[in-house]
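Asker: So that we are looking at the same thing, I have put the structure below in structure tokens.
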């Protein structure tokens with residue numbers, strides 16, 4: 001064959017290969033026989049629709065009367081096309097506010113399969129075998145073991161009768177959303193593919209001092225399991241799993257997500273986003289549910305966890321991995337949304353994580369970021385035992401402060417605008433359980449979350465090989481010009497753009513205080529030409545920085561090809577609080593409060609009533625000048641106390657406790673004449 005013909009054939013083969021990769025990265029949706037429907041008249045209307053159109057009403061998706069799960073036995077269980085007939089019928093119904101035929105969602109467990117190595121009998125990551133471990137023994141020595149905290153593992157089930165799990169097993173924190181029954185027992189297969197959830201559960205709450213296997217980080221916490229990954233995964237299944245018993249479960253731990261293949265951009269559907277929102281606003285009696293998420297195992301494919309809409313949600317706490325030697329594991333994904341890091345393993349000769357396994361066994365072969373997230377969930381359970389009144393945002397602030405660079409090795413460690421070291425590989429560093437609990441005991445409640453939305457680009461703009469888009473932020477104020485945000489928390493960039501080869505485009509953001517955060521780095525396997533459609537990137541690297549000043553969005557072609565594209569719109573979303581969080585002590589301070597449970601509460605005495613101040617009603621600030629003028633004898637209280645607000649209508653003996661939660665009212669009556677500085 002002549003050289004010209006050879007080159008032609010090679011080019012054709014290469015083109016076909018690239019097309020195959022492109023098709024694989026843009027799979028068509030697979031529609032199933034389930035619909036999510038939102039109706040205005042609740043259960044009766046859902047029943048009427050089901051009878052009229054031949055659906056089976058499988059009940060509410062959330063614990064209210066709006067969203068329902070309908071299934072049609074006459075529709076194919078899997079199809080490449082939606083059912084247009086039912087779409088048109090539901091669209092004509094005036095009481096149907098929204099509906100969506102469900103599609104299968106590809107979700108992979110974030111564990112790693114490695115060759116069998118000799119058994120490691122010691123849990124090196126928490127028994128002081130290494131100098132800088134997770135510092136869990138310090139917390140155990142204080143008598144904290146997770147008692148009173150409930151954790152649920154969202155995965156492929158949990159072996160509830162395991163000798164190291166049955167004593168802590170909580171059926172109220174468990175369910176099977178694959179078969180819709182209360183039993184989360186995993187399905188057994190010849191290769192034990194459904195061992196993942198049982199392994200994660202043992203890391204959190206394996207029973208201690210029973211002569212079997214090892215001990216969980218929070219070995220007296222109650223543990224549940226949700227079976228949801230061993231079957232058809234839809235938006236309904238994910239939302240129901242994340243909404244299970246939100247007033248009973250404190251922490252959900254998830255070690256799964258979209259495919260870590262270096263070319264997928266995917267995230268939660270509408271129902272799952274709603275489940276996250278409801279969890280943090282209504283869960284735990286309004287304190288907010290904790291969603292702990294594994295950051296991902298796509299490092300081998302140069303994946304980036306900011307292309308995963310679960311790990312980069314402001315409602316989840318994303319956890320990365322490091323090895324015993326403090327190195328970046330080969331599977332680890334670097335991204336700006338990671339908060340913190342715990343241990344796992346790297347190469348096959350590295351020691352791994354000891355935990356429970358199927359068939360009433362133990363294993364020392366648990367690894368990947370799947371192993372890291374449950375360790376963090378257990379440590380947060382210890383912090384919640386120390387201070388049950390922490391909100392979901394309080395815990396995120398505490399994790400930032402309780403993570404330390406320690407011995408973690410990476411070339412991208414940087415100091416942000418408030419002096420903290422941060423890395424795309426590790427977030428703020430290795431989570432220290434002892435420091436986390438010490439801070440939790442004396443933590444004062446964070447002021448309410450504020451949000452600023454700033455439009456950066458609103459007209460289509462061609463993307464240059466290297467483009468910088470500046471935006472001066474001066475409007476994070478309310479109508480009275482009071483600053484809404486003084487200290488940042490999460491920062492998001494929401495944008496839509498087209499690009500001829502998406503994986504070649506690097507996007508970064510620089511804050512007014514000079515912190516540069518890479519929102520997405522080059523992904524060589526992502527050859528998609530679809531760009532990003534209304535995608536949200538998130539960074540934790542600006543935590544506690546001042547948002548006022550010049551922000552700069554950068555876009556740069558990092559590939560070997562000439563690429564073209566258009567930035568259609570871009571919005572900067574700033575979340576934070578009106579308090580200057582840098583003024584708070586960065587290390588635990590001695591508490592003068594006699595009961596740690598009221599570390600977040602101010603109690604004052606007036607006319608024989610104990611008034612209780614809760615952070616959900618008024619902000620806590622220092623100094624009398626910052627307070628609303630008190631109208632009762634609270635004026636005469638010692639000025640060394642922070643702001644103390646009397647209950648309204650103090651003249652009535654029946655009214656002072658109105659508006660308080662049941663827990664707050666009980667505390668107000670029973671704690672006696674203690675007054676704590678807030």
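From the backbone N, Cα and C atoms, a Cβ is placed for every residue, glycine too.
So Swiss-Prot says this about it:
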type	residues	note
SIGNAL	1-26	signal peptide
DOMAIN	123-437	domain 'Peptidase S8'
ACT_SITE	155	active site, charge relay system
ACT_SITE	196	active site, charge relay system
ACT_SITE	370	active site, charge relay system
DOMAIN	446-580	domain 'P/Homo B'
CARBOHYD	472	N-linked glycosylation site
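Help me picture these features in the structure, burial and contacts included.
Answerer: Residue 155 (active site, charge relay system) falls within a strand when secondary structure is assigned with DSSP. Of all Cβ atoms in the shown protein chains, 31 besides its own fall within 10 Å of the Cβ of residue 155 (active site, charge relay system).
For residue 196 (active site, charge relay system), other Cβ atoms within 10 Å of its Cβ number 26.
In the three-state DSSP scheme, residue 370 (active site, charge relay system) falls into the helix class.
Mean pLDDT of the predicted structure over the domain 'P/Homo B' (446-580): 95.
The C-beta environment of residue 472 (N-linked glycosylation site), restricted to residues of the same chain at least 6 apart in sequence and closer than 8 Å, consists of 549, 550, 551. Classification of residue 472 (N-linked glycosylation site) by DSSP places it within a strand.
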Asker: Which whole-number value in Å describes the distance between the Cα atoms of residue 370 (active site, charge relay system) and residue 196 (active site, charge relay system)?
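Answerer: That comes out at 8 Å between the alpha carbons.
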Asker: Quick one: Cα separation, residue 155 (active site, charge relay system) versus residue 196 (active site, charge relay system), in Å?
Answerer: 7
Asker: Among all protein chains shown, how many Cβ atoms are found within 10 Å of the Cβ of residue 370 (active site, charge relay system), not counting that one?
Answerer: 28
Asker: Just give the helix, strand and coil counts over the domain 'P/Homo B' (446-580), going by DSSP.
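Answerer: Its residues divide into 3 helix, 74 strand, 58 coil.
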